[in-house]
Amino acid sequence: MTEFALDTSVGLTIVVLFGIFWVVFGFWLGRKNKTHEDFALAGRNVGFAFAAATAMATWVTSNTTLVAPQLTYQFGIWGMIGYSFAALGLLLFAPMAKRIKKLLPNGYTSGDFVRLRYGQAAWWVFIIISVVYAFGWLISLGMAGGILLESLSGLDYHIGMTAILIICVGYTLFGGMRAVIATDFIQALIIIVGISAIAFWLINNVGLDSIHQNLSAEHPQLLDLLFPAAVMFLFNNIFFGLGEIFHSNVWWSRALSFKQGVAYKAYLTGGLMWLPIPIVTGFIALAAPQLGIFPPSADMIGPTVAAAVRGTTGAVLVFIVIFSALASSLDSLLAATSDLVTQDLFHKKLCPNASDKSLLRFNRYCILGLGVMTWLFCLPRIATLGALLNFAGAFVASTIWPIVLGLYSRRLSGGYAALAMAAGTGLGLVGYFMVGFYVAALISCAVSGLICALGVWRAQSLFDWQQLNEEGG
Amino acid sequence: MQLPELAFAILIIAALALSCLTPIILLALFVKDYFSKTIW
């Protein structure tokens, strides 16, 4: 095998062909978009099949395909089991999605909910958290695109990163949410078939017993059920996953775009379909020591093993799988973040009388602007994917209790919600820098929870749910 | 305490079996939505 599993020309050809297909498909789907609601929420009419697929595919990101194997390689068996517990986020969001649809029949974003439920102070804290998280995720996805192309085909990091951003911005810009959800369906099929095929090849070529024996003899800590840092990681990852899903407009805008009666079962099905994926991708990494593979960068362990087992075919397959995983999340994040900026900042703060046409135009400019900003942040390769991802844990885990209590309890006020999110994030970041990434989300969630409990206990008034039903979005 | 070989095999095979079910479920749901005209 040469230094790279794929020729640079093959890698480029795949990117160009996929790029053309997705952009043309996005353009074709975008023909039906007549209003801003069509563009941002697919007319609030997405059926069960597309809804379940988009829930699963969006949650399968570069983090699942690159970071889950990386964490398995570092933390062993708890790395992959801990990662799969992130499915809890989708499963627990299922009843919340149903309630969101009921409480905010005219809502557009998670920001809408926080503004109406908690007021301005909490809204500002929430928007800062959302923007930090969205950029952290966007940058990690853009970087993953560049790293993937470079490590598999030798193509320069900057060219690969630029290519995937152009493609995703292209089809999201033309097709809006409809294109995002329809491409997610196809990408979900590609991802799941691809990773299953690689795992089957590994079992056939290397063998489960052989992998277990090698790990027992040479790397017993990877099979250790009492690996302390790994157990801490498991709990941290649960709260991180809950925070990511509960607060992010990626998931709220989907809940609002699904047909009536679909949101609950779509998130439940999506979560169950997602659950085994980190275990399958993590298993691929556990075969690395047996195959004598020790990659220079831990986040490339999955692709390197796949390429080693199946040569060029494996490399092409893993290339397409990770490309699809990246695209399925990048497009969702571009669409959801641009909706948040358009609805929460432009429409509600700057231009309340904006026409439907201006909102549609501004939303498209936003997608373009977000793409350019992500590209600029991705230019320097600033951190490993895992480190970048876990930094955001301190931010998002602080939103879990304010969101849950905001949806189900009338007792938590805006002041306590704002304080809970701000203090949770601050102390979570202290934990991140002073202890380690694996406690950031835990500390953030615990601090926020304590403040919320105090707020509920000391409540002076009860919230009126009718205030959430804002006419005209 | 190490994960025994049998438990390791069950974990991986169960995860793989669930993964293989996913495309079948998604395609079946798509066909159902397509014929009942409820895709969008």
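Even glycines carry a Cβ here, placed using N, Cα and C.
Non-local neighbours of the transmembrane segment (A:12-29) in the same chain are 149, 153, 155, 160, 163-164, 166-168, 170-175, 178-179, 182-183, 316, 319-320, 323, 327; each lies 6+ residues outside the stretch with a CB under 8 Å from one of its CB atoms. Residues or ranges marked as transmembrane segment by TrEMBL: A:12-29 (among others).
Marked as transmembrane segment by TrEMBL: A:41-61 (among others).
Nonlocal intrachain contacts for the transmembrane segment (A:73-94), taken as residues 6+ away from its ends with a CB within less than 8 angstroms of a stretch CB, comprise 55-56, 59, 64, 67, 215, 219, 221-225, 227, 229-231, 233-234, 237-238, 240-242, 244-246, 251, 255, 263-268, 270-272, 274-279, 281-283, 285-286, 288, 298, 301. Annotation source TrEMBL lists transmembrane segment at A:73-94 (among others).
Annotation comment: TrEMBL describes A:123-149 (among others) as transmembrane segment.
Among the features that TrEMBL reports, transmembrane segment is placed at A:155-174 (among others). Tertiary neighbourhood of the transmembrane segment (A:155-174): same-chain residues 8, 11-12, 15, 18-19, 22-23, 25-27, 29-30, 141-143, 145-149, 180, 183, 323, 326-327, 330-331, 334-335, 364, 367-368, 370-371, 374-375, 378-379, 381, selected by CB-CB distance under 8 Å and a gap of 6+ residues from either end.
Here TrEMBL flags A:186-205 (among others) as transmembrane segment. Sequence-distant contacts of the transmembrane segment (A:186-205) (same chain, at least 6 residues past either end, Cβ-Cβ under 8 Å): 53-54, 56-57, 60, 65, 211, 273, 277, 280-281, 283-284, 287, 305-306, 309-310, 314, 317-318, 320-321, 324-325, 327-328.
Marked as transmembrane segment by TrEMBL: A:225-246 (among others).
If you look up TrEMBL, you'll see A:266-287 (among others) marked as transmembrane segment.
Summarising the annotation, TrEMBL assigns transmembrane segment to A:307-327 (among others).
The transmembrane segment annotation in TrEMBL covers A:389-408 (among others). Outside the transmembrane segment (A:389-408) by six or more residues, the chain places 63, 67, 96, 99-100, 103, 110, 113-114, 117-118, 122, 126, 129, 132-133, 136-137, 140, 236, 239-240, 242-244, 246-248, 383, 417, 420-425, 428-429, 431-432, 437-438, 440-445, 447-449, 452, 456 with a CB less than 8 A from a CB of the stretch.
Per TrEMBL, transmembrane segment is recorded for A:415-433 (among others).
What TrEMBL records for A:439-457 (among others) is transmembrane segment.
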- Beyond the flanks of the transmembrane segment (A:307-327) by 6 or more, those residues with Cβ under 8 Å of it: 1, 5-6, 10-11, 14-15, 18, 22, 57, 60-62, 64-66, 141, 144-145, 148, 152-153, 164, 167-168, 183, 186-187, 190-191, 194-195, 197-198, 201-202, 205-206, 287, 291, 293
- Outside the transmembrane segment (A:41-61), six or more residues from its ends: residues with CB under 8 Å to it: 32, 86-87, 89-90, 108, 137, 141, 176-178, 180-182, 184-185, 187-189, 191, 245, 250-251, 253-254, 256-259, 262-263, 265-267, 269-271, 273-274, 277, 324-326, 328-329, 332, 339
